[in-house]
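Novice: Following this message is one structure expressed as structure tokens.
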Amino acid sequence: MVESKEPASVSRFRKYLQIKSVHPTPDYESCREFLIDQAKEIGLEYQIVECVRGKPIIILKLAGSDPRKKSISLSSHTDVVPVAEEKWKYNPFGAERVQDDNGDYRIYARGSQDMKVTGSCYLEALRLIKGSGIQLTRNVYAIYAPDEEIGGADGVGSLVKTQEFKNLNIGFDVDESVPSPTDTSFLFVGQKYKCPEKWKHNPFGAERVQDDNGDYRIYARGSQDMKVTGSCYLEALRLIKGSGIQLTRNVYAIYAPDEEIGGADGVGSLVKTQEFKNLNIGFDVDESVPSPTDTSFLFVGQKYKCPVKFVTHGNSGHGSMLMGGTAFEKLRPIINTLMDLRDGELAKLITMGAENVKSHGRVNTINLTVIETGTQQNVVPAACSALFDIAIEPGTNVAEFKQMLRDLAAKHDAELHFLYSELEENPVTQWDTSDKYISVLESTFKKHNIKHEAVICPSGTDAKYMRYNGIPAIGVCPLLNHPTLVHDHDEFAKESEFLKGIDFYVDLIKGLANA
């Protein structure tokens with residue numbers, strides 16, 4: 001049974017969740033102020049890298065005794081996705097603490113699962129490590145980046161291009177996963193996902209609501225993706241710092257903007273800076289998602305995002321006339337071809353098990369999301385366009401897939417526009433237990449009795465920018481037995497799992513920083 005008196009770490013988590021860092025106008029300045037205050041309170045060094053104006057990336061450092069060694073990064077993002085407040089029972093930014101029927105407490109808020117919970121776990125773990133007086137070997141960096149929820153191009157996508165990122169000298173990255181709905185944590189080794197937006201709780205109220213089990217749920221956008229992770233970082237760092245322990249490596253907690261929109265102006269810009277290079281990062285811990293089962297998913301890689309737009313032009317005229325060579329006649333076979341490909345991928349997914357996160361990372365996602373044409377009912381349009389959201393799994397050759405799209409457009413006299421300009425590569429971090437960082441992850445999961453599995457993330461996170469720069473990155477989330485509500489309505493994190501997550505990150509940070 002969880003104590004009814006609210007722990008200080010939970011109060012800090014709720015305060016983080018109450019910041020409305022929600023798109024389209026995320027309050028990144030309040031995130032900056034909150035994280036700097038936490039760093040000062042814990043006794044951590046910090047730096048701000050602003051690759052894109054108004055989108056700060058906050059990097060917290062737990063100094064190690066041997067900064068020459070590759071550092072450990074704990075990646076999280078500060079932004080959360082929008083909410084439909086009328087669908088929330090609790091204020092999504094109230095971070096309400098509500099006891100469930102089991103006596104535990106739930107923190108209801110956007111970000112309570114994605115991923116402020118992880119960022120908060122980082123903080124609390126670092127707090128405990130710092131407070132213990134232990135000296136870790138490696139530097140540890142907690143990175144809080146913007147814009148992950150819109151792709152991360154202006155967040156981690158920018159960060160990894162910077163000298164500042166290179167200076168971190170990261171050897172291993174821990175990123176977000178999601179709270180598990182069972183007793184098995186999911187480890188994200190790659191990526192994907194899309195969910196509806198209907199809330200019963202205020203997505204930025206961060207209401208703490210007790211559930212039927214006596215636990216508390218924190219309802220808020222970001223409670224699973226990924227303010228929960230960023231909060232775990234903070235609380236872990238708080239505990240580490242307070243313990244007086246001296247770690248060997250520097251540890252940086254990075255809080256970046258714009259991950260939810262690709263991350264180009266966040267980590268995508270950060271990695272290009274001298275500030276990033278100065279971090280000297282050897283390993284990055286990034287986000288995964290709370291697991292719906294008792295197995296945690298570790299994201300070792302992700303799908304290659306390849307959204308495209310086809311545009312056709314043709315004969316136009318009055319709707320009463322039957323004419324050939326119209327724009328839609330040219331567009332229709334393109335749509336049919338891609339929908340046939342989609343049918344094949346869907347059949348593979350069903351065969352493997354559509355409810356399995358691992359399965360979704362092993363198929364190509366092809367979805368027709370936007371069709372634009374016409375001005376009025378009785379005019380045959382001169383132009384049509386179709387937008388497909390495509391994500392390519394790591395086993396598919398990206399260059400060949402893109403060439404197939406070019407050939408399809410040329411065959412039907414269509415323009416083809418690639419909406420992202422990512423590199424034609426999709427690196428995956430190998431789950432090799434002989435590796436010193438992977439070994440620490442294994443032992444930490446074993447110590448906390450959490451089953452885990454390395455998978456490809458069905459979507460994308462800022463970890464891709466780390467991998468593009470040769471830094472191994474693993475998406476981690478030790479929260480179990482959670483319904484997967486990433487980008488969904490009434491997103492929440494269970495308070496008991498959040499508190500366990502802090503302890504998990506304390507051990508993980510100490511292990512990685514002394515590896």
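Every residue gets a Cβ built from N, Cα and C, even glycine.
TrEMBL does not curate its annotations; it predicts them automatically.
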Novice: Quick check on the annotation: TrEMBL has Asp225, His487 binding Zn(2+) 2, so which of Glu207, Glu260, Glu453 does it put in that site too?
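Specialist: Zn(2+) 2 site check in TrEMBL: besides Asp225, His487, the record includes Glu260 out of Glu207, Glu260, Glu453.
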Novice: Pop the Cα-Cα gap between Glu287 (Zn(2+) 1 binding site) and Asp225 (Zn(2+) 2 binding site) into the table, whole Å please.
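Specialist: Their Cα atoms are separated by 8 Å.
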Novice: Whole-number Å only: compute the distance from the Cα of Glu260 (Zn(2+) 2 binding site) to the Cα of Glu287 (Zn(2+) 1 binding site).
Specialist: 12
Novice: How big is the gap, in Å, between the Cα of Glu287 (Zn(2+) 1 binding site) and that of Glu259 (active site, proton acceptor), rounded to a whole number?
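Specialist: If we compare the Cα positions of Glu287 (Zn(2+) 1 binding site) and Glu259 (active site, proton acceptor), the gap is 11 Å.
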Novice: Sort out the sequence-distant neighbours of Glu259 (active site, proton acceptor) for me: same chain, 6+ apart, CB within less than 8 Å of its CB, listed by position.
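Specialist: Glu259 (active site, proton acceptor) has long-range Cβ partners His77, Asp79, Ala145, Pro146, Asp147, Glu148, Glu149, Ile150, Gly151, Gly152, Gly155, Val156, Met226, Gly266, Val267, Thr461, Asp462.
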Novice: Please list the DSSP helix, strand and coil residue counts for the domain 'Peptidase M20 dimerisation' (302-415).
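Specialist: Its residues fall into 44 helix, 34 strand, 36 coil.
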Novice: Could you tell me which three-state DSSP class Glu259 (active site, proton acceptor) falls into?
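Specialist: Note: Glu259 (active site, proton acceptor) is in a strand by DSSP.
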Novice: When DSSP is mapped onto helix/strand/coil, what comes out for Glu287 (Zn(2+) 1 binding site)?
Specialist: strand
